[in-house]
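Down below is the structure, laid out as structure tokens.
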Amino acid sequence: MKYSYLLLILLLSNLYKEGFSQGQPDSIVLSATIYDESPIVTDFEIETYYNGVVEGIVQPDLGADGTPVYCCGDSPVTENGRIVVHNQSTFYSWFHSVPGVNVPIPYDLTLTRVGDSTYAYQSNSFFPIDGNGFDNSTVYPNEPHYLGHNFHFCMKIHYSFTYHGGEYFTFSGDDDVWVFFDDVLRIDIGGIHTAASRTVNMDDLGLTVGQSYPWDFFYCERHTSQSTLNIITNLNFTCSAYDACGVCDGHNDTCCMVNQCSESPINPCLIQACGPDNNYQCEFVDKICNTTNDKCLVESCEIGFGCLAIPKNCNDNDPCTTDHCDPAIGCYYDKFDNCDACNAVDTCITNDLCFPRECNPRGNPPCLINPINCTSTDPCIFSYCENGVCIPTYICTPTPSVTPTVTPTVTPTVTPTVTPTVTPTVTPTPTTTPTPSPTTVPPRPTPTPLPADPPPYDLEEGCLVCRDLDCEKTGKSCTYLENETIRLFECKGVGCCKYTPTCY
């Protein structure tokens, strides 16, 4: 009887385990936030770096905002005389949204069931955001790229688990990895290094059966040339709340990417705006040009040209002053001694707003002409005055991104001369344009506008053409301006028009 009773218990136990296993999903999706970092930022793609695991970069307790706390304030973490992390300011951008420094991107990390209640993610080539964020050459044409992949990003995941006994978590990969269980650091394999492994057994943490505990995972890929991420665990992950972007315990900082606000408009005078003020919807607002500290220049954004800077008009219309401009302070005026202001209304009439006339208090000549200065700081922009307003004109000859004399149709599979995936996408030097003698100064570009018809041979189908503008109705001609945003990169599809038609 006792023997039969034991067999019954064993049978029921096996049936329970089988039923529990059959009730498990085939996969678990962990919603994550990835912060794509520019390799120009100091902590990423460090030129002279220490190759090895470095512990102690972060403090043992999770920060109040749910992210790791940097160990050392404004001081760097070094190993063998080489910098591992520069300071708390550079470290902050690893797991916080910082406009202009990183790009938050939502990502789903899918773990697949490999046992009764065991799930795994295994990748020796973990590149989840290739072509996104700073790796998008159309949106960020000046960002360097390495070996065909986006190697520079950090990822954070926040979930909870209920402790039943026997749970474990194993990680293997590179580079920095910190995992907190119940807000305490249990896996610490920081630094730039080859794949390293750690395992945490929940039975060793003094947890209470049936109670839920937070689990926080932080991972960074900071250097070429490998990216490995392997996870094996039987933790039963749960999420208490999702943010507006669908990220567990998120902060809504990836919503703009969800709404595709990373797409760059053809109009260079519009920029993306997305945030809580507009319910995380993508909007385009006017670009504010702020490229110079010269107070003698006035900046404005012109469609087809982008930001332009022309000399400030310091004319105070006072014939008893001499007008000046200092780049540091702007306009200033010297008053004439013993000057009697004259009346220019009757004697010095302005017939052309580009050449305003004013009376001469010294009497000879009776009128002075102060032409409006429309000189542009860009050698490819010729600005002229029309009705008192400076009008910019593009005078440089656009250079086709594929030189016709190479006859690209003969060998279409030839490797392009610009390879962003091998070397950083620094502006390449054209090889087909004649180079002036080193002892001479290259001449100023001469106006050579492209014809209105036919359109440029490499203009994508669906892009605007001169016929759409109908410039002739206004008595003007039409030409095509090269789109500087994508001039140096291969680009296909919507929003990748290499030229923009404009009236002149």
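Backbone N, Cα and C define each Cβ position, glycine as well.
The annotation compositional bias 'Low complexity' is assigned in Swiss-Prot to 417-430. The compositional bias 'Pro residues' feature in Swiss-Prot is assigned to 431-453. Residues annotated as domain 'PA14' in Swiss-Prot, with sequence analysis given as evidence: 111-251. The feature N-linked glycosylation site is assigned by Swiss-Prot to Asn87, Asn136, Asn236, Asn252, Asn290, Asn373, Asn483, with sequence analysis given as support. The region 'Disordered' annotation in Swiss-Prot covers 417-453. Per Swiss-Prot, signal peptide is recorded for 1-21.
Within the set of glycosylation sites (Asn87, Asn236, Asn252, Asn290, Asn373), the lowest number of other Cβ atoms found within 10 Å of a Cβ is recorded at Asn290. Put simply, Asn290 (N-linked glycosylation site) is 20 Å from Asn373 (N-linked glycosylation site) when counted between their Cα atoms.
Under DSSP, the residues of the domain 'PA14' (111-251) split into helix, strand and coil as follows: 6 helix, 68 strand, 67 coil. In the three-state DSSP assignment, the secondary structure recorded for Asn290 (N-linked glycosylation site) is coil.
Note on proximity: among Asn236, Asn252, Asn290, the glycosylation sites of the record, the Cα nearest Asn87 (N-linked glycosylation site) is that of Asn252. For Asn252 (N-linked glycosylation site), the nearest neighbour among the listed glycosylation sites (Asn136, Asn236, Asn290), judged by C-alpha distance, is Asn136. Mean pLDDT for the domain 'PA14' (111-251) in this predicted model: 94. Counting every protein chain shown, 20 other Cβ atoms lie within 10 Å of the Cβ of Asn136 (N-linked glycosylation site). For the pair formed by Asn236 (N-linked glycosylation site) and Asn290 (N-linked glycosylation site), distance between Cα atoms is given as 51 Å, rounded to the nearest Å. Cα-Cα distance from Asn290 (N-linked glycosylation site) to Asn136 (N-linked glycosylation site): 24 Å (rounded to the nearest whole number).
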